[in-house]
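The structure appears below as structure tokens.
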Amino acid sequence: MKLYEYQAKELLVKNNISTPPGGVAESADQAAEIAATTGLPVAIKAQVHVGGRGKAGGIKIAKTEAEVKILAAQILAMKIKGLSVKKVLIEKALEIEKEYYLGIVVDRANRGNTLMFSTVGGVDIEEVARTRPDKIFKFEILNPKQIQNHNFQIPVGNREVHSQVSAIIEKLYDLYLKTDATLVEINPLVKTKDRQFIAADAKIIIDDSALFRHPDLALLAEAAEEDEIEAEAHRRRIAYVRLPGNIGIIGNGAGLVMTTMDEVKRAGGQPASFLDIGGGAKAELVKSCLEILTMDKNIKGIFFNVFGGITRCDEVAQGIIRATQDLNLKIPLVIRLTGTREEEGQKILAQTNLVTAATMQEGAEKIVEYISK
Amino acid sequence: MSILVNKNSKVIVQGITGREGSFHTEQMIEYGTKVVGGVTPGKGGQEHLGVKVFNNVAEAVKETKANASTIFVPARFCKAAIFEAIEAGIKTIVTITEGIPTQDMIAVCQKLKETGATMIGPNCPGITSVDEAKLGIMPGNIFKKGQIGLISRSGTLTYEVVAALTKAHLGQSTCIGIGGDPILGSTFTDLLPLFEADRETKVVIMIGEIGGSDEELAADYIATNMTKPVIAFISGRTAPRGKRMGHAGAIISGGTGTAESKIKALIQAKVPIAETTAEIPNLVVAKLALQK
């Protein structure tokens, strides 16, 4: 679960890491009120889950109260990479002397946690990582004590900077473990002209699997949901991702569903969803999943691909039939059902006029053909 | 021959009395797996599915000499269950459970490294050594004994490919679903050496997917260490960036984890890439023909 910048910063502040004075606004007037308390100039920052929002015009500096209102209204009316901006963060602009990068992340290849630091922080950090990897200091954390006792040497000569940054790393790591994060990032960590260290931007991703340990953080999830259909699917605990095409893809198992998307694309179609019914789905859940797909009016046809292991083909077939009856499903549906209780499943479908396919490839071709008619 | 588990493996099931545990233990026994006991705290002394239930793994190992475990314990208790198995001396652990916190898995992986135990999973379908032992939830009827080893990040895609192989009369030695999580007990690179050393296995199939860099690391390993042919399939070629495709591991972020990067690395390692799952049997036949 990705947190918005303002949510991430609230967590930093709770852990005694400084952020610029400011607040969140949903309207131009609110923005002006916040700016009045922080003092001018202020930075106005769109709160959206996409990278490169600054380059897309989602961050502006306002020097007067009138500018705050105009720019906040502009940004609140924006769509950045397809996502509409609902909130802006208003913050006192910093007098920057230097920008650092600081991050702690789950390192898959090492099966551990890694601390990263760079003296060339800022918007181009990914470019730095690609072209000057030596500029990024990496430290594999084998034991929490290494961080707690400052047993790491960030490449900074100045002793004061070294000790201040090390102290922030210790607090950030504490927050990382405490919240079951998979990423905490401060970029840039700004050293101001009066030698304060302030987190000018922050990114936190919380491990979804660990949310049961953090009911307070779980509450933030709903606020972070962008798409209405995705939000509804997640309320029903269905693994669904909305995609821009017109063919609904549904099946059991993430790998199989992704491969089904690939096959539909190979056949010349455009997937409109990734929907995984999971293992052992019962008829009622199958129906509920199909209902999610009907909410997307761009969908002109559905390919349902199931290889039953724990999932029983007869249950899936029952669910499909219930959905077609109760939901008045009018768009073409191609079904490929194989595996556990395949015969029973096929028998149920044979009583209807639903279209079946013997293989994933055949199914992909059929659905593409149907919707192009 | 087979890898990791065989007909002599003495298997216990942790979480044997639960709904999933019961159902799949029954299937495992039916397949011929030597299930010697089960563990459910507080239910020690009972009998379930014809085997004895113990309160903890240590007691189970002491009485049954078990050397492998399959874990169906709920996610929030899973770290403790895995630690218990490792500390009781179990050397091969299969964790089926989905949704284990990442930091719990990082702790588990450190423990595995310290003790030298092997774990498959979590969030995986398990291991099947064909006609010998099945630890996990794979449907037993799709397999046929033979010479192909399979390692996969996806469960249902494993079934899809195994069924296609069996239909083409291409049998399997051992098939392993390593799981869809970002932190795994065993990766491709951990398991390839076992197939390389297994006399029965002639060809290895790797089913990868977007996210992480395990396929790229495997490509490096194959180029320098494998003498046996490896065939690969990568799922998620058309998945958009930044969206998580069900598996916690299947996400493309930044410039890493793309299907292109994986395919490029594998091609450089001279690994043939199947464009579709349907192509895999033909590629296997071609590799087997070269060995004759």
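Just so you know, glycine gets a Cβ as well, placed from its N, Cα and C.
TrEMBL lists A:9-237 with the feature domain 'ATP-grasp'. Note on the domain 'ATP-grasp' (A:9-237): its mean pLDDT in the predicted model is 92.
Listed in sequence order, A:VAL120, A:GLY121, A:GLY122, A:PRO188, A:LEU189, A:VAL190, A:LYS191, A:ALA200 are the same-chain residues at least 6 apart in sequence whose CB falls under 8 Å from the CB of A:GLU99 (ATP binding site). Here TrEMBL flags A:LYS45, A:GLY52, A:ARG53, A:GLY54, A:GLU91, A:LEU94, A:GLU99 as ATP binding site.
In this structure, A:ASN187 (Mg(2+) binding site) is part of a beta strand by DSSP. For A:ASN187 (Mg(2+) binding site), the count of additional Cβ atoms within 10 Å of its Cβ stands at 22 [all protein chains shown]. The Mg(2+) binding site annotation in TrEMBL covers A:ASN187, A:ASP201.
The Cβ of A:THR311 (substrate binding site) has 25 other Cβ atoms within 10 Å, all protein chains considered. Under DSSP, A:THR311 (substrate binding site) is assigned to coil, being neither helix nor strand in the three-state scheme. Annotation source TrEMBL lists substrate binding site at A:ASN252, A:GLY309, A:ILE310, A:THR311.
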A:THR311 (substrate binding site) to A:GLY52 (ATP binding site) - Cα separation in whole Å: 42
Binding-site residues in contact range of chain B, given that the Cβ distance is under 8 Å, out of A:GLY52, A:GLU91, A:GLU99, A:ILE310: A:ILE310
Quick one: give me the count of other CB atoms within 10 A of the CB of A:LYS45 (ATP binding site). 24
How far apart, in angstrom, are the most distant Cα atoms among the ATP-binding residues A:LYS45, A:GLY52, A:ARG53, A:GLY54, A:GLU91, A:LEU94, A:GLU99? 20
Mind telling me which of the binding-site residues A:ASP201, A:ILE310 has the densest Cβ neighbourhood, counting other Cβ atoms within 10 Å? A:ASP201
Cα of A:ASN252 (substrate binding site) to Cα of A:GLY54 (ATP binding site): how many Å, rounded? 39
Work out how many Å separate A:GLY309 (substrate binding site) and A:GLY54 (ATP binding site) at their Cα atoms, rounded off. 47
